[in-house]
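Once you've had a glance at the structure underneath, I'll fire off some questions.
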Amino acid sequence: MTNQKKKEMVQTFQNKFEKKMQELNLDFNRVDLYQQAFSHSSFINDFNMNRLDHNERLEFLGDAVLELTVSRYLFDKYPELPEGNLTKMRATIVCEPSLVIFANKIQLNDLILLGKGEEKTGGRTRPSLVSDAFEAFVGALYLDQGLEAVWQFSEQIIFPYVEDDELDGVVDFKTQFQEYVHRQNKGDVTYRLINEEGPAHHRLFTSEVILEEDAVAEGKGKTKKESEQKAAERAYKILKNKNA
């Protein structure tokens, strides 16, 4: 492809990028960093550019920055969870499927600079390519604006993923609640199924968690296990608030 084509692609990128940063309410100084973050190796190869001008180094940095940011968030949000649980949660957030979800939330793949062949073969929607670009963007944002800007971005795009219970099954709230009760010497914990309704293919279970002889909270779920997890999560929050 010609240099004129390259100029057109870069100009289009810059226009889209500026608009995207306005939408995200993020400041930026070094457009060149972000251009590199969205430059796939196929784009670099098509125009015979420096082989290190693609986004893989920024992807490397962004991965580390994401792990740090998410680690701090989980550390603060779940003060009673042991290291093993936090590690599992972080791995669920900082992984290809989740990063693709985050990128698609804000149509970040529309900014990726691709070579002609990669574009034709569907590279713009390829999960590995999209997740790599997301990490590279975070790396560029960190270099340009610092960790605080990455935190601000994460509050918009990443942390709600946790707040909206997208991590069900990773956090064992029954264990978390049991350990908390044990530390507080509150007594014995039991669970009781109090309702089961709906057709066989779409059952809804309601369970309650009982501390000593008192019902603390209820939870609903598609399985008995899920309803107990929900009840434990609510009970844990209730007790923590009482003891705060």
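Keep in mind that glycine also has a Cβ here, set from the backbone N, Cα and C atoms.
As listed in Swiss-Prot for this protein:
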type	residues	note
ACT_SITE	Asp63	active site
ACT_SITE	Glu135	active site
BINDING	Glu59, Asp132, Glu135	Mg(2+) binding site
DOMAIN	17-146	domain 'RNase III'
DOMAIN	172-241	domain 'DRBM'
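Please go over these features one by one and say how buried each is and what sits next to it.
Look at Asp63 (active site): DSSP puts it in a helix. Other C-beta atoms found within 10 angstroms of the C-beta of Asp63 (active site) number 19, with every protein chain shown included.
Counting only same-chain residues at least 6 apart in sequence, those with a Cβ under 8 Å from the Cβ of Glu135 (active site) are Leu58, Glu59, Gly62, Asp63, Leu66, Leu99. When secondary structure is read from DSSP and collapsed to three states, Glu135 (active site) falls in the helix class.
Counting residues per DSSP class in helix, strand and coil order gives 97 helix, 2 strand, 31 coil for the domain 'RNase III' (17-146).
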For the domain 'DRBM' (172-241), give the DSSP counts of helix residues, strand residues and coil residues.
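So the counts come to 33 helix, 25 strand, 12 coil.
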Suppose the Mg(2+) site is Glu59, Asp132, Glu135. Which further residues of the same chain have a Cβ inside 8 angstroms of that site's Cβ centroid?
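So the extra residues in range turn out to be Asn55, Glu56, Leu58, Phe60, Gly62, Asp63, Ser131, Ala133, Phe134, Ala136, Gly139.
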Would you say which of the binding-site residues Glu59, Asp132 has the most Cβ atoms within 10 Å of its own Cβ?
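When each Cβ's neighbours within 10 Å are tallied, Asp132 leads.
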